[in-house]
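Database features (TrEMBL):
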BINDING   45, 49, 52  [4Fe-4S] cluster binding site
BINDING   89, 120, 180, 252  [2Fe-2S] cluster binding site
DOMAIN    30-248  domain 'Radical SAM core'
Ligand code: SF4
């Protein structure tokens, strides 16, 4: 903890320099992975996370939705892929999934994966059997955030424990899936809490492949609607220290990005953030946020990270044959034996 707190307190230029050095050792410094998020079941969540407009404990005026139909999810996933996303994340506001819902979700995973996208889900707490079912369906990532430090956690959520969260992450790992786990800053926590959150994440063995660092979006009706703003420089420090502690993880600039200035986002990339979310309303090219992101990428010389598609031997063979068939039809092959 002392070492992490010392990193957070470094002179800003020194901290960014160290983060950038580490970032360049493990990643293309100008590539940013793009994920798209779709809420497949919104609102009426029984949990009481004080920052969340989807909690049924607070009146935020958010509409409640049933689980989205598979076809609609696949349509959105296809649009996300065509807009440049390499990973499609699906989130449901549940404490944990019921088996009848999980059956539908498993089919979603299969069909989204068939589009050539990486898949990620966040469905609440999982037991070992649920994690195995998701892994068998081909789910690549499971998102389950630790949110904040163990010490501050009780101020934010009372309906599940820190231990519950670590247990779910353990089930995800045991099932062989990759982990997406991070937290939220700007909840009124101290700098020591931010250090303790990063410590918890960095001590996961192995470390999470994706680490979303969210900036609280204050929503009217939630208990945190009037909490003091976190200074953007402290947000950047958190990103930089996440990069240093978890050198091989994708550090994701997540919620709160829409409210951030270009300068803050640019500093976050410099500090080692190398992944962003595009929300579900951002799927058309005419969308202003998507256009703004493209303009910022151009300005900074950034480019979307290309995904390495992992295919089984069988799938590879099928793709190869299909590619040869296409080329044959294009009459690009000639008979070299004649
Ligand atoms: S469990 Fe998720 S959806 Fe439910 S209140 Fe907490 S953050 Fe919101």
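Residue positions begin at 1 at the first shown residue.
Glycine residues also receive a Cβ, built from the backbone N, Cα and C atoms like all the rest.
When averaged over the domain 'Radical SAM core' (30-248), pLDDT in the model lands at 91.
Listed binding-site residues: 45, 180; maximum Cβ neighbour count within 10 Å falls on 180.
The number of other CB atoms found within 10 A of the CB of residue 252 ([2Fe-2S] cluster binding site), across every protein chain shown, is 26.
Proximity to ligand 1 at the level of Cβ atoms, with a cut-off under 6 angstroms, picks out 45 from the binding-site residues 45, 89, 180, 252. Residue 89 ([2Fe-2S] cluster binding site) sits 18 Å from residue 52 ([4Fe-4S] cluster binding site), taking the CA atoms of both as reference points. The secondary structure of residue 52 ([4Fe-4S] cluster binding site), as reduced to three states from DSSP, is coil rather than helix or strand. Cα to Cα, residue 120 ([2Fe-2S] cluster binding site) and residue 45 ([4Fe-4S] cluster binding site) are separated by 20 Å.
For residue 52 ([4Fe-4S] cluster binding site), the same-chain residues that are 6 or more apart in sequence and have a Cβ closer than 8 Å to its Cβ are 45, 58, 219, 222. For the recorded site, residue 252 ([2Fe-2S] cluster binding site), the DSSP three-state label reads strand. Note: residue 49 ([4Fe-4S] cluster binding site) has non-local neighbours 55, 147, 156, 157, i.e. same-chain residues 6+ apart with C-beta under 8 A of its own C-beta.
Excluding the listed site residues 45, 49, 52, the same chain places 47, 48, 51, 53, 54, 55, 57, 93 with Cβ atoms within 8 Å of the centre of the [4Fe-4S] cluster site Cβ atoms. Within 8 Å of the centroid of the Cβ atoms of 89, 120, 180, 252, where the record puts [2Fe-2S] cluster, the same chain has further Cβ atoms from 35, 37, 87, 122, 141, 143, 210, 212, 277. The Cβ neighbour count for residue 120 ([2Fe-2S] cluster binding site), using a 10 Å radius and every protein chain shown, is 24.
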